[in-house]
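As recorded in TrEMBL, the features of this protein are as follows:
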- F:28-266: domain 'Aspartate/glutamate/uridylate kinase' (DOMAIN)
- F:K33: site 'Transition state stabilizer' (SITE)
- F:G68, F:G69, F:R90, F:N184: substrate binding site (BINDING)
- F:K247: site 'Transition state stabilizer' (SITE)
Protein chains: 6
Amino acid sequence: MNKDMQQYLDKAEVLIEALPYIQRFNRKIIVVKYGGSAMVDEELKARVIQDVTLLKLVGFKPIIVHGGGKEISRWVGKVDMKPEFKNGLRVTDEATMELAEMVLGKVNKSLVQLVESLGVRAIGISGKDGRLLSVKKKYANGEDIGFVGDVTNVNADILYDLLEKDFLPIICPVGLDDDNNTYNINADDAACAIAKAMKAEKLAFLTDIEGVYKDPQDSSTLISELTVSEAHKLVGDGYIGGGMLPKINNCIEAIESGVSRVHILDGRIPHCLLLEIFTNKGIGTAILNDSERRYYDGE
Amino acid sequence: MNKDMQQYLDKAEVLIEALPYIQRFNRKIIVVKYGGSAMVDEELKARVIQDVTLLKLVGFKPIIVHGGGKEISRWVGKVDMKPEFKNGLRVTDEATMELAEMVLGKVNKSLVQLVESLGVRAIGISGKDGRLLSVKKKYANGEDIGFVGDVTNVNADILYDLLEKDFLPIICPVGLDDDNNTYNINADDAACAIAKAMKAEKLAFLTDIEGVYKDPQDSSTLISELTVSEAHKLVGDGYIGGGMLPKINNCIEAIESGVSRVHILDGRIPHCLLLEIFTNKGIGTAILNDSERRYYDGE
Amino acid sequence: MNKDMQQYLDKAEVLIEALPYIQRFNRKIIVVKYGGSAMVDEELKARVIQDVTLLKLVGFKPIIVHGGGKEISRWVGKVDMKPEFKNGLRVTDEATMELAEMVLGKVNKSLVQLVESLGVRAIGISGKDGRLLSVKKKYANGEDIGFVGDVTNVNADILYDLLEKDFLPIICPVGLDDDNNTYNINADDAACAIAKAMKAEKLAFLTDIEGVYKDPQDSSTLISELTVSEAHKLVGDGYIGGGMLPKINNCIEAIESGVSRVHILDGRIPHCLLLEIFTNKGIGTAILNDSERRYYDGE
Amino acid sequence: MNKDMQQYLDKAEVLIEALPYIQRFNRKIIVVKYGGSAMVDEELKARVIQDVTLLKLVGFKPIIVHGGGKEISRWVGKVDMKPEFKNGLRVTDEATMELAEMVLGKVNKSLVQLVESLGVRAIGISGKDGRLLSVKKKYANGEDIGFVGDVTNVNADILYDLLEKDFLPIICPVGLDDDNNTYNINADDAACAIAKAMKAEKLAFLTDIEGVYKDPQDSSTLISELTVSEAHKLVGDGYIGGGMLPKINNCIEAIESGVSRVHILDGRIPHCLLLEIFTNKGIGTAILNDSERRYYDGE
Amino acid sequence: MNKDMQQYLDKAEVLIEALPYIQRFNRKIIVVKYGGSAMVDEELKARVIQDVTLLKLVGFKPIIVHGGGKEISRWVGKVDMKPEFKNGLRVTDEATMELAEMVLGKVNKSLVQLVESLGVRAIGISGKDGRLLSVKKKYANGEDIGFVGDVTNVNADILYDLLEKDFLPIICPVGLDDDNNTYNINADDAACAIAKAMKAEKLAFLTDIEGVYKDPQDSSTLISELTVSEAHKLVGDGYIGGGMLPKINNCIEAIESGVSRVHILDGRIPHCLLLEIFTNKGIGTAILNDSERRYYDGE
Amino acid sequence: MNKDMQQYLDKAEVLIEALPYIQRFNRKIIVVKYGGSAMVDEELKARVIQDVTLLKLVGFKPIIVHGGGKEISRWVGKVDMKPEFKNGLRVTDEATMELAEMVLGKVNKSLVQLVESLGVRAIGISGKDGRLLSVKKKYANGEDIGFVGDVTNVNADILYDLLEKDFLPIICPVGLDDDNNTYNINADDAACAIAKAMKAEKLAFLTDIEGVYKDPQDSSTLISELTVSEAHKLVGDGYIGGGMLPKINNCIEAIESGVSRVHILDGRIPHCLLLEIFTNKGIGTAILNDSERRYYDGE
């Protein structure tokens, strides 16, 4: 057999290796929190969209929840806004919220456009559409920081209906409170709330870190698998801090509400989603039920 | 019977008068081009949204297509953009298109929010979602004026699917060309293309005029009903000009493609939609098939 | 704005006022016991039918249960029957039952005809069709008074199937016992049994009184809202007597079986159904759950 | 094998013989015009109802259309009506129509009751329900004979919907004209119109004659099978007269409109319907397409 | 009435007698274990197939599970195999299993062919298709006797799906263990497992005996009805032995798992299935719930 | 990036490359004629089954039609049959047909077993099940060669029903004639008939040759793409002979009946199906419509 043919056969083998994964996640809901570098770098962006589109095509039900942080900052500068502060905390006033919604909307449609360009049916909505995300005002240390909200309800029927009609939903984290005011929602929180409401099979966070470390100073202490109990202990013992703390708490909450697995992935690695799902290459940190560990080992 | 009771009975009679109209348009698609004053004046805006929501609740299938002209201009000022011109024509360059899409997205979600606040399921999409609107570049007198498009295809399945799931679709007129570039579409054109693709029962334009005049200088020459033949003749005889000409051509095209009736309504009159549909009060100008006139007379 | 236009706008406002009610009762089942003057007076009859037809068209699921008392008496006279008595009680013998069924059938089809003439799909059935109403003989103070029955079972599937096929069911209160004998059923009882079996949102009795009075001698003591506890107390305290007693007991039973609200309406007021449902004009007496009062107040 | 067992085996063989017929008419619509002696004699009545119920249970879709002639006459006498005549023709005035509708309604429900007592879901409707039968006034030799109608439209959807919900529809031949007046319809005409509208597989008339004779004076000239051409010829040649003429014309019309076979059965023979359908015993006269004869021969 | 006609009427009466049975078992699942003489004798075979086909056509949902014992022995001889023995027990080695599967497959398709020749949709599958039957190795007195399996799981969805698509499933008792090895299953066991998994209304064993005897030596002690308690007692008291013991245990297990009735029928009687189901002729022994006896008596 | 990670990324890229193919054939029917070496060599067999299973999992609708030639010959030897000959042609007599059906059945279930072991729902049927394949006797040069049949009808509904229930159908080429005799069918013919009846997107023949040659003596003349016109010409010019002639005629017929593409693949290459579908590596010869060539070029 010549070398050329061998290459093709190798390709065929890769596809065949994907078989058991395609089967395991058939018709399963996978919520992807999309943010960080993977959203800024055009190359990485294209990879993420390819990954999610492939997941859809082979029979999974992916849902994207995206943020838009850096692009919002860029526009705040562009329109020359004066940020408001209260006790040292930045406040999302009405004007900022208006601009943030515009920017998130733009980002949202640009993702729709990328998925559609690969020939897959996408729909971009915010938490306002079908009142998907109801919120109440979030207080930071008791401080009113404006239109920042905590999710109080996810209208999961909206997503079930869109999935049934074969759409790939792409969601920007904006919601309404009981008085119909517009609120910004932390994208991690929104993704977590949606994954919980839909009892997703997987919730994957695309981040700018390699995963969870036992000792953040020492990259060799990366944890590839973490049960909920272990996570609780790490938090209790004070190992987890900074921006990672709310993320880990989200993960714990998600697992405890019925999500099967949560992944903190390194979005800077191209195709990290595919690698996590279709290969035995451990990417980042997986959080799972105490009882799940053995099960996966035996597979 | 006391006066108070009489008032209530009068109200009941109004509802009963609506019976035949509710029946006639049951499950019929009504496309509303929403723009002009009715979109700027908050009072009028609330009325339009109430009207459309009522239409939905009593069993019709309304679809809103909106513009966002004045708001776009406001933002162009805000971000201090320099408009580009070519041979005296304003050009929609990439930056303008980006901003326009943001503003249209904001307007879109604000309409969703209003409908949702009345308890009806709305979904706000653009022509990118599900690739609803495919376009090609429009040339003005042979001149390339940037990212302004003509609709080449409406993916009606998207709207049928959303209607089946009981959404009230609210559409902003942005589309994609074959190379996945973003284009602005004239909202009248978009509404007309959608009404044609869905063989809507009605297409209603909310405008800032009373309707079509035989002599625009003389408000007593308002035409309340116009057959397609008469419209062709008016155009041919040069009576129609200015901004009204493309609108009338859109109307003619819509009727000739299977839309039953097109209405040019005065959006400055509160509840003009309800008045047109539920009463025999002629509001604005109706364009209809030559063969339809008698039919409606006989009702 | 001229006066003519103002009138039209007022009409539009009436329709808009109906919005929250149309929403609240969307797809809800409303059982209407139709009888009394509203069935004899042709003018009132037309109004009731218009009301029910409108309820159907705006998305509710009304079911009519009708009596036929006066018309039956008229025919008993016409065919020169000798009424049978036992211990002073009128007995429904076989011949009377045969005639009663014929008259009820006639009344039934005349209502179907009226609804159909308004363009809505109606179907007139008795408790025999699909064995909708099973009965056993009712004894009045231990006395056998012939073919008068108590409902022992409602075959609700029949009505669900007809509602699913978009029929407005019109039911005459005739049923079958286990030996397939034909029985007359008190229309109030039949309506109550059906409302309970279908967990109706509302059960409305069209009567010839204004409502329930604390003191029947004093029309100023009309009670507009009554919780089940209060109703029990009124009955216990002996305030309720005569024909009202079984009606109130029916109401209590209905609420306790899951019907949300029961209304004793004054059928002599035109459009009393619409007024009750679409306005805040209190017509007659509403019986509701103890826990419901606050809820409705807060709306 | 003992004699007792042999009897049982014979029974089993009868069931097995029914196999090909059960297959051939599976899910096929069979319209039965029910009238004459088979409706008066209680014994025969029970047999007809058993037959139709069996047809339903083994998977056919029977529809009964019934008359009520003799019972109507009985009641006309009972209420002491004065028949009106015009040029020697009896006129169905309003009072007669009212009574006829009542009697037909009674007959209708008694048939429902019989079918239900055998445990099969029946529904009794008239041509008013769902406006099943639209009519216009029929003139006898140009004479207005009152409320007697010709069917102008059958709303077949009503019957399809009821069949889908597994009802056995039992229809009394009363209809509405465009002004919502009630009309009597000849039951043969109604059955024929319904069979045509539903492209029934079979239309069977239960009559009080043995079938069609070549020479009505000579019972040995009974015709067991008649093609449409032959029927046309018999009529043309004047062999058919009296009450048989409209019946034969109905048959011809039915076949020419797509009904596969029409049967004129002798309703005085118990189980004539079963015998016709499940055995090769020729009962009465079958009218069929010219091209059908050979097909059936070859089976 | 002549004698010929009388015969036909008698036939009609037989069909009418079947009415209540057709009703009682409408859409009910009936599992038939088909084996013994009824499978060898061509005449009896035709009768069984006619019976099952009729059951299907009148609305029941029969499922056939067949053996193939004698035909397998014939082929073992034909290919000149040497049977293997272990401690006196015949062992199903791989070669025997291969041949058995081939023969069972042939028998399976010949039954499909017979049903299809009667015009009914049949599908022949083994326990491998859709992994209908999962097994584990069965040990006879602790002895490994080769590829003989006990059913550990029935994938009932497979049969529901085939029934929904209107197939008559014909199943040969071959299954797979967790390592995808092929196993033979005793047909009685397979039928019992399937009846239990589908909560069948009836499970009927076609056997070569008249039924269960109190005293196998005395044919006058045939038991026509046996409650589970009585069966337990008979077994406990040692009355049941030989090949009947596992059969009775199967019966008890089936009833205790929700099957309504189990029948041990004498397959040597033509149409024994029809006789059992459609007549009051007791064929063989019925095993039923303790609480069922009275219920059936009262019918 | 280390080498290990690079390998994983390469794998991800292979999956991404499959995207457009997965999309193009989504829900498309692909008929695979499975035979030759790929059926004898266990290694190749496993590859084919993996390929087909993958096709199913990523959303295609594959159908396998298999032969069993060599295995049949082996068993003919085993049971020591005497082949019958007529004018030098081997005759499929009844005994041979019986054995062939048994062997084909065995092969069929072994393929079901392989697919099921990969976790995909398979069902193995022959042309008898649901009377999928109707045949008439085939004459070779006018000679009766026994039970060898030509397909006269494919009951495609059977396959649509099984596909709807998510089965992967595996078909052995045995059919029934009008007298319910069993016939062997050439597997190529059966596959072709099925592909035509279902308007398959693709029909792929797994063969033991590299493809079609212009000059069979010269392996450098392999044709990778052939339009129907070119195929007709090659046949007309006498370039095609031997076993290839009927195969090419089957291909031409398939294309002309609506199959989009037919492939003659070299089954000796592992994963030849995947390579053909998911890569641009030309495997074997593709036969296509004259108008198709350009279309594919442009992709």
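Using N, Cα and C of the backbone, Cβ positions are placed for all residues, glycine too.
Since we're looking at a predicted model, the values are computed, not measured.
Projection of TrEMBL feature records onto the structure.
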| residue | record | DSSP (3 states) |
| --- | --- | --- |
| F:K33 | site 'Transition state stabilizer' | strand |
| F:G68 | substrate binding site | coil |
| F:R90 | substrate binding site | strand |
| F:N184 | substrate binding site | strand |
| F:K247 | site 'Transition state stabilizer' | helix |
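Here the C-alpha separation of F:K247 (site 'Transition state stabilizer') and F:R90 (substrate binding site) works out to 21 Å.
The distance from the Cα of F:K33 (site 'Transition state stabilizer') to the Cα of F:G68 (substrate binding site) comes to 11 Å.
Neighbour counts of Cβ atoms within 10 Å were compared for the recorded positions F:R90, F:K247, and the top value is held by F:K247. Most other Cβ atoms within 10 A: among the binding-site residues F:G68, F:G69, that distinction falls to F:G68.
With all protein chains in the displayed structure included, the most crowded Cβ environment within 10 Å among the recorded positions F:K33, F:N184 is that of F:K33. For the binding site of substrate, formed by F:G68, F:G69, F:R90, F:N184 according to the record, the largest Cα to Cα distance is 17 Å, rounded to a whole number. Apart from F:G68, F:G69, F:R90, F:N184, the residues listed for substrate, the same chain places the Cβ atoms of F:G67, F:I72, F:S73, F:T92, F:A100 within 8 Å of the centroid of those Cβ atoms. Taken together, the residues of the domain 'Aspartate/glutamate/uridylate kinase' (F:28-266) have an average pLDDT of 93.
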